[in-house]
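Copied from TrEMBL, the annotated features are:
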REGION    1-26  region 'Disordered'
COMPBIAS  1-20  compositional bias 'Polar residues'
DOMAIN    26-205  domain 'Guanylate kinase-like'
BINDING   G33, P34, T35, A36, V37, G38, K39, G40  ATP binding site
Amino acid sequence: MPYLSKGSTVSELPQASSDRQAPAAPSVTVLAGPTAVGKGTVSTFVRDHYPQVWLSVSATTRKPRPGEVEGVHYFFVTDEEFDRMVGAGEMLEWAVVHNSYRYGTPRAKVMKAVGDGRKVLLEIDLQGARQVRESMPEAQFVFLAPPTWEDLVARLTGRGTETPEEQRVRLETAKIELAAESEFDHTVINDRVEAAAAALVELMGLDPTPNAS
């Protein structure tokens, strides 16, 4: 599995002894990483192939991209509605991303899923992850990293969803985000979506074998 614990290589990961159980994984796992690393793609694969994982849906003030579905990929809200949600304390975390649109995690649905005993996955940005660590220090934090910087650049420029100026801003942001990797409990390398998703799910304490769909 392509994941690393802090300061460990894959071969050095601690193994559970035969006479005692490994500690249970936290209920909430936060997945973050640099722009264009594939957080959404990995999270979508988890949602589609691991029904035992409850994937949080973020609210955002940006417009939908082609193929995005309201309530599945995001809750698309106006600036006024986002302001209301923040003011009412309805956001677990929120942030302005790339100096433009706002994203946030609605609190109530996450708390209900935790209360129902579900394994919860939050796919958010670095700012949001830091906020969640303050309010939920018991959560597990996983950093999704690209195989190389060149891979990240190729993914961003190949998407065709940003202007050259937006790409420049996002790449500058990505450098800052990559430098924060040491803040996380584990790193998963996104060299293949299926393998990255399986590694993430295993860190959540679940069977990494995907359901056919």
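Here the Cβ of each residue, glycine as well, is placed from N, Cα and C on the backbone.
Proximity of T35 (ATP binding site) to non-local residues of its own chain (separation of 6 or more, Cβ distance below 8 Å) is seen for H98, L156, R170, L171, T173, A174, E177, given in sequence order. Note on the binding-site residues A36, K39, G40: the fewest other CB atoms within 10 A surround the CB of G40.
In this structure, G38 is the one among the binding-site residues G33, P34, G38 with the smallest number of other Cβ atoms inside 10 Å of its Cβ. Other than the site residues G33, P34, T35, A36, V37, G38, K39, G40, same-chain residues with C-beta atoms no more than 8 angstroms from the centre of those residues' C-beta atoms, the ATP site, are L144, P146, L152, R155, N190.
Within the same chain, residues at least 6 positions away in sequence whose Cβ sits under 8 Å from that of V37 (ATP binding site) are L144, A145, P146, L152, R155, A174, N190.
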